[in-house]
Amino acid sequence: MEKISVAVRFRPSTAQNHLPDDRHWRIDDNRISLHRSLGTPISSVSFAFDHVFDQSSTNGTLYNQLTKPIIDAAVHGFNGTAFAYGQTSSGKTFTMNGSQEDPGIIHLAVKDIFHSTQMITDREFLIRVSYMEIYNEEINDLLSLGSQKLPIHESLERGIFVAGLREEIVNTAEQVFELIKLGEANRHFGETNMNARSSRSHTIFRMVIESSIKEPMSSGDVSNADAIRVSVLNLVDLAGSERIAKTGAGGVRLKEGKHINKSLMILGNVINKLSESGRQRAHIPYRDSKLTRILQPALGGNAKTSIICTVAPEEVHVEETRGTLQFASRAKRVTNCAQVNEILTDAALLKRQKLEIEELRTKLQGQHSEVLEQVILKQRNDMHKSELECEKLAMELEEKKISRSTRAALKGTGKEDQRTYYVCQSR
Ligand code: ADP
Ligand code: MG
């Protein structure tokens, strides 16, 4: 068992003037407390975290201290998740995406992953990425414009997954950056008020890292050689949290549901429950929102998780900052139990593709290695794409069957219109 690591980051101030009695946040090592300009603390409450990064910190510093251990572990088979949480314009996107001069967590993580996998010469790696957005409780694929409102499914083999989401197998960091660029372009597509949207949507950038030993260690050691490590890494830029603080989780009524960010409110509830004593863990409301359902294994489960809470230092944001620090304090009490995921079944893509790729390698022997890798990458992506397509069709068929049988069961009862409800419930 290990605790979720939680850091707070202050973005540089944009305030022009300070009044004499301005309240301001003071950082003492890993503690934060609220003071008046004259120096007196406003209350005795101070918050303690794993790290506190002040206004002068860079994304690089934050990455090295908070996120890098999660990335290194992901390469070795541990699931990992890093969130940025905070009110709008507190620096979440800056932290995750960064700038030209100060690349963000995602950029640094991608670079590190490819660097690490190149250093590990005795294992073969297969890395794939996806990029999705949750907007108004709908999941949209940022890598494929046609795929909107995707459903969440669960199977024994795959666990919880977003059906129909494009996954692209990648060989280099540059290929990933191209895909991210495509995702960002799709995110803005057709939106007139991009800022309003981005503050109400979550993005999940995901990398799945599979690896297996290149050669069997000895002919007798087949089981070890066959085991494939599979880890999922989620890098999440959350919606602005200010609405929760203003509405209060308890006072949210159904008709307002359209206007508040439901997933973020449920995330708060999930963190609250998880931070309570162990016995209440049985009733964690993961299924109440798409975000918490997708990230279920990362919250109170099998993953190494870090939360970067971004806050604005200005006096005008004191209440929002306090809300964020309270969320961060509760998150600090949550424990996870991460373990290396080794699987022997066909659930690993690396295993399913093994024969075809070996055949292709033999066929193309003697080719320039760069050409060979390109052909293999294309073959891998083609195979994976048709697999995902088959899976999607199978699920659509299954849904039609359920819908038909529900309709048949309701026929003559006057409740035919309930079928949609039942189909949704089955998801
Ligand atoms: P959010 O995603 O939380 O809504 P942004 O990341 O878009 O907020 O940040 C709002 C503005 O503040 C942006 O112009 C961004 O470049 C700037 N900013 C945020 N954090 C930092 C930082 N640590 N250093 C420099 N500029 C920052
Ligand atoms: Mg943002």
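Note: Cβ is positioned from N, Cα and C throughout, glycine not excepted.
Taken from TrEMBL as is:
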type    : residues                                               : note
BINDING : Gly86, Gln87, Thr88, Ser89, Ser90, Gly91, Lys92, Thr93 : ATP binding site
DOMAIN  : 3-334                                                  : domain 'Kinesin motor'
Residues near Thr93 (ATP binding site) in space but at least six apart in sequence (CB under 8 A): Ala84, Ser198, Asp237
Annotated binding-site residues Gly86, Thr88, Ser89, Ser90, Lys92, Thr93, filtered by Cβ under 6 Å to ligand 2: Lys92, Thr93
Residues among the binding-site residues Gln87, Thr88, Ser89, Ser90, Gly91, Lys92 that border ligand 1 - Cβ under 6 angstroms, in sequence order: Thr88, Ser89, Ser90, Gly91, Lys92
Listed in sequence order, residues with CB under 8 A of Ser89 (ATP binding site) and six or more positions away: Ser199, Gly240, Ala312
CB contacts for Lys92 (ATP binding site) [other CB atoms within 10 A, all chains]: 30
Other same-chain residues whose Cβ falls within 8 Å of the Cβ centroid of Gly86, Gln87, Thr88, Ser89, Ser90, Gly91, Lys92, Thr93, the recorded ATP site, in sequence order: Arg11, Ala84, Phe94, Gly240, Thr310, Ala312
Cβ-based isolation winner (fewest other Cβ atoms within 10 Å) among the binding-site residues Gln87, Thr88, Ser90: Thr88
Sequence-distant neighbours of Gly91 (ATP binding site) in its chain (C-beta under 8 A, six or more apart): Arg9, Arg11, Ala84, Thr310, Ala312
Proximal but sequence-remote residues of the same chain as Gly86 (ATP binding site) (Cβ under 8 Å, at least 6 apart): Lys92, Leu238, Gly240, Ser241, Cys309, Thr310, Val311, Ala312, Thr324
Reduced DSSP assignment, Gly86 (ATP binding site): strand
